[in-house]
Amino acid sequence: MNQHPAPAHPHDHNRDKDPELHRREPVSFVRRGARLNAGRQAVWDRLADTVLVDVPRHRAATSVAPDAELDWAAVFGRDAPLLVDVGSGLGESTAQGAADRPDWNVLSVEVYIPGLAALMAQVEDRGLSNVRAVEANAPELMDHLLAPGSVQEVWVFFPDPWHKKRHHKRRLVNAAFADRVARVLAPGGVLRLATDWSGYAVQMREVMAAHAEFENLHPGRAAGEESPLTRVRREGRELEVGAQPLPRGFDETDPASSLPDRAGLGEAVAASLAEDPVDHDGGWAPRFEGRPLTQFEGKALRAGRLVFDLAYRRR
């Protein structure tokens, strides 16, 4: 019997008014529809009990209780190096990582129910036994369920960029998140980041450069004329993309199809128009070979955006 029915997440306005449900820190996500099509519902029914990990909740549906405990070796059925994929979307990177590293345990952290179901489908299709998933807010999971030095790699690929300045506090990759990653990564462990928005890429680079526990694996790489940031600034790529009308079939509930308005792009692009457009710092990593071309990244590339990769080692 399936112990993990796909939740409907009905909206309860009375719960919204309960201050006990609100976290001390803003979350980096918006809960989207949980409805599954017939195929995804079927795979959910078959695999949820195996892939999805129950965690004690605090208040919200994606929270983690501060006193929660999990034995990850028991969860995976073995003790092995742990890879954590934060915000795994439709699961393409998680599944590829698990296939490439059969001797590792791979944990997906995601709040999008259809995305978790899509991951389960890939787990089934590829015959993967080293994947588990948690429906949870990643910072809380890191705080309460991951022991210091227990993780070998953390991936954060294409997190929500939260373009508007008043929403920047909701961006996942900030100083507090870097502290969390530094705590859970073992010495020599690696953090990999990717985004298709230059403003967020600059923020990521600045946050990580300021953290004493990390070193850039590619210091100074792709600086000057070779920098994707220089190209974005000179060509006004994101300004042009943001000014385009919404494409046919645009779905505002689909995180992979959203395009921000022009007014929300005032960071590295618009500000740089009055400054030196050349990125003298660089530090961009080459594309990570273990990251497949996902549906999300494909849409970004077709829209004319560039992808920024960063990689850091825990000292």
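Here the Cβ of each residue, glycine as well, is placed from N, Cα and C on the backbone.
The Cβ neighbour count for Asn137 (S-adenosyl-L-methionine binding site), using a 10 Å radius and every protein chain shown, is 23. According to TrEMBL, the feature S-adenosyl-L-methionine binding site maps to Asp85, Glu110, Asn137, Asp160.
Note: Asp196 (substrate binding site) has non-local neighbours Phe158, Glu297, Ala300, Leu301, Arg305, Leu306, Val307, Phe308, i.e. same-chain residues 6+ apart with C-beta under 8 A of its own C-beta. According to TrEMBL, the feature substrate binding site maps to Lys164, Asp196, Thr294, Gln295, Phe296, Glu297.
Among the features that TrEMBL reports, compositional bias 'Basic and acidic residues' is placed at 9-22.
As annotated by TrEMBL, region 'Disordered' applies to 1-22 (among others).
What TrEMBL lists as region 'Disordered' is 234-262 (among others).
Within 10 Å of the C-beta atom of Phe296 (substrate binding site) sit 19 other C-beta atoms, taking all shown protein chains into account.
Taking the Cβ of Asp160 (S-adenosyl-L-methionine binding site) as centre and 10 Å as the limit, one finds 19 other Cβ atoms among all the protein chains shown. When the binding-site residues Thr294, Gln295 are compared by the number of other C-beta atoms lying within 10 angstroms of their own C-beta, Gln295 comes out lowest. Geometry remark: Asn137 (S-adenosyl-L-methionine binding site) versus Lys164 (substrate binding site), CA distance 22 Å. Distance between Cα atoms for Lys164 (substrate binding site) and Glu110 (S-adenosyl-L-methionine binding site): 23 Å, as a whole number.
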